[in-house]
Amino acid sequence: MSNHIIENLRKEIEAFKADTKTEKVGHVIEVFDGIAKISGLSDIKSSEMVTFQNGETGVALNLEEDTVGVVILGDFSKIKEGNEVKATGKILEIPVGDSLLGRVVSPLGQAIDGKGAIKADKTYPIEKVATGVVTRQSVSEPVATGIKVIDAIIPVGRGQRELIIGDRQTGKTALCIDSILNQKGQNMICVYVSIGQKDSKLRKIEARLEEGGAMAYTVIVSAGASEPAPLSYIAPYAGVAVAEYFMDKGKDVLIIYDDLSKHAVAYREISLLLRRPPGREAYPGDVFYLHSRLLERACRRNAKYGGGSITALPIIETQAGDISAYIPTNVISITDGQIFLETDLFYKGIRPAVNVGSSVSRVGGNAQIKAMKKVAGTLKLDLAQFRELEAFSQFGSDLDESTKRQLERGKRAVEVLKQLQYSPVKTEHQVVTLYALTKGFMDDVPVEKIKAFEQGLTDYSERNAKTFYKEIKDTKMWTNKGEKELEKVIEDYKNSFS
Amino acid sequence: MAKISPKNIAEAVYKATEGKSKQDLTAVLKRSVRVLENKRMLGKSEEVLNALQNIFDKKTGTVRMKVATAKRMEHPKRSKLEDEIKIKYKAQIVVGEFLEKEELLGGARVEVRDEVLDTTYSNKLHQLEKFLIQGK
């Protein structure tokens with residue numbers, strides 16, 4: 001055994017060839033708060049990686065006349081004035097490969113889950129120009145999130161960018177985790193980018209994903225709250241680089257940025273330390289470009305270019321519901337729609353607390369399956385009318401029959417769209433429930449029994465409407481034959497329910 | 001108002017001293033120091049001097065070289081190295097600073113401007129260490 005080790009080591013040493021080439025070096029003039037000013041390095045490129053004498057890595061962000069402003073990606077306390085800095089000639093990149101699946105990595109691609117080093121196939125640049133127009137195609141396939149209100153009213157398509165926006169504690173992360181959990185068997189790779197989150201929260205998320213068997217197709221990229229701002233700044237770019245690796249292999253990827261408000265704050269910190277001029281809310285002038293170049297990398301490639309896609313679900317945390325602040329308006333304008341979560345709804349017990357009126361999906365409708373389109377077509381309008389009538393009905397009790405009917409239907413719709421955390425619903429079940437709702441089968445079921453009715457109906461219909469289920473699952477189509485079968489099954493179930 | 005950099009001061013000093021007699025030169029230099037004091041830049045005098053040195057070097061075609069070796073480098077080797085540097089950097093004059101550092105173990109480390117050619121044994125050992133740890 002010992003001979004074997006010695007022999008192998010001898011072979012390794014014999015195979016080793018030291019590099020003797022000219023290197024570009026500079027010297028640290030100043031270090032403060034994760035930023036280093038370097039003299040020398042005359043030919044350095046923007047975003048080029050540098051290595052410090054103590055082994056830490058940095059990225060050149062400010063190229064000035066005599067100095068280079070470098071953000072230090074790690075512990076800056078051991079870097080001293082006069083230390084040597086070497087240019088690597090490489091733009092910041094992250095190791096990528098299939099081995100990343102099921103792992104938690106730092107934005108530099110280092111394993112932080114204690115499961116050992118990651119053997120990567122290759123490296124991908126963190127900053128990259130988004131894929132071109134020629135290679136793209138329109139969004140036409142749905143991402144089944146398993147959340148009824150989203151799949152029915154604000155559908156998300158593969159390659160879409162849908163913003164999730166809301167105050168703290170409104171269930172933004174929960175929506176995303178549910179979406180990841182529902183991707184099991186949907187041929188989707190998920191990347192969850194955690195920016196400035198507490199390590200305890202990340203640990204909980206990882207444990208939940210592990211429990212749901214979702215880590216097998218998920219990569220977590222994390223820059224924790226205790227990490228320096230530069231790591232938070234590069235985290236989403238690192239995440240999308242991982243997503244691009246899988247997309248280049250023709251796979252569909254769902255990437256979640258949790259959250260871009262903290263990302264903007266990290267970038268503001270770096271920019272102010274680099275003495276870049278502050279603008280609105282002290283953010284630098286290029287904060288729009290910061291997010292637009294990131295979200296533009298989400299796309300759907302056409303078949304000629306591999307046919308993969310990246311669907312982005314960025315999260316933005318608002319302060320007291322103010323969606324007209326700087327960063328929220330920026331990201332709203334970049335994305336293809338937003339899912340707006342409200343504190344009031346959350347505390348009323350309407351969870352997920354999605355405000356259907358303010359939420360929109362600009363391109364997702366094209367991706368919705370026929371069956372879902374058919375059953376959920378008027379749901380958004382019905383709910384909007386319900387909210388209006390609900391407010392109006394508080395002033396008087398004399399309401400005509402049709403108004404009462406609409407109010408009752410609305411109450412049941414709200415009840416149907418409520419969903420517990422970590423319990424995504426299959427598309428087929430969603431179609432059945434929404435069909436029963438919109439066709440009035442639930443009108444005479446008491447509101448408090450709606451949940452039980454729904455649960456029973458989905459179980460019963462799965463057993464008895466086999467043709468319908470097969471059609472939806474295989475062809476995603478809606479036929480008269482299937483509809484008749486479903487109608488009969490719902491009637492049968494309803495008779496037995498009471 | 002734009003911030004004055006040490007390089008700006010050095011350029012001004014160079015322009016002001018160009019072609020001056022010895023007497024005038026003393027007066028100009030005294031006034032330069034006063035400017036530094038007025039602009040509260042005395043603390044940056046080292047940077048100003050370095051910048052001035054660079055300007056003079058550029059004008060005279062001088063290249064400064066720092067060579068570190070484990071053992072003292074003999075004269076023929078030194079002049080051969082200087083000739084090589086003269087050709088590589090198209091320099092008129094090469095000013096060499098030769099240092100002895102035992103910890104380099106062998107080979108030489110040549111530093112010119114912001115370029116370094118490190119052929120020392122200590123660097124090679126360091127590379128081998130990295131290679132064995134990272135496996136690449």
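Backbone N, Cα and C define each Cβ position, glycine as well.
Database features (TrEMBL):
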- A:22-89: domain 'ATPase F1/V1/A1 complex alpha/beta subunit N-terminal' (DOMAIN)
- A:146-361: domain 'ATPase F1/V1/A1 complex alpha/beta subunit nucleotide-binding' (DOMAIN)
- A:G166, A:D167, A:R168, A:Q169, A:T170, A:G171, A:K172, A:T173: ATP binding site (BINDING)
- A:S359: site 'Required for activity' (SITE)
- A:368-492: domain 'ATP synthase alpha subunit C-terminal' (DOMAIN)
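Feature map: TrEMBL annotations on the structure.
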{"residue": "A:G166", "record": "ATP binding site", "Cβ within 10 Å": "27"}
{"residue": "A:D167", "record": "ATP binding site", "Cβ within 10 Å": "19"}
{"residue": "A:R168", "record": "ATP binding site", "Cβ within 10 Å": "10"}
{"residue": "A:Q169", "record": "ATP binding site", "Cβ within 10 Å": "13"}
{"residue": "A:T170", "record": "ATP binding site", "Cβ within 10 Å": "27"}
{"residue": "A:G171", "record": "ATP binding site", "Cβ within 10 Å": "19"}
{"residue": "A:K172", "record": "ATP binding site", "Cβ within 10 Å": "25"}
{"residue": "A:T173", "record": "ATP binding site", "Cβ within 10 Å": "20"}
{"residue": "A:S359", "record": "site 'Required for activity'", "Cβ within 10 Å": "22"}
DSSP-wise, what's the residue breakdown of the domain 'ATP synthase alpha subunit C-terminal' (A:368-492) into helix, strand and coil?
92 helix, 0 strand, 33 coil
Taking the recorded ATP site as A:G166, A:D167, A:R168, A:Q169, A:T170, A:G171, A:K172, A:T173, identify the other residues of that chain whose CB atom sits within 8 Å of the mean position of the site's CB atoms, giving them in sequence order.
A:E317, A:L341, A:T343, A:F346, A:A353
Rounded Cα separation (Å) that holds between A:S359 (site 'Required for activity') and A:D167 (ATP binding site):
14
For A:T173 (ATP binding site), what is the secondary structure state per DSSP, taken as helix, strand or coil?
helix
Within the domain 'ATPase F1/V1/A1 complex alpha/beta subunit N-terminal' (A:22-89), how many residues are helix, strand or coil going by DSSP?
0 helix, 42 strand, 26 coil
For the domain 'ATPase F1/V1/A1 complex alpha/beta subunit nucleotide-binding' (A:146-361), the mean pLDDT of the predicted model:
95
Using DSSP, would you call A:G166 (ATP binding site) helix, strand or coil?
strand
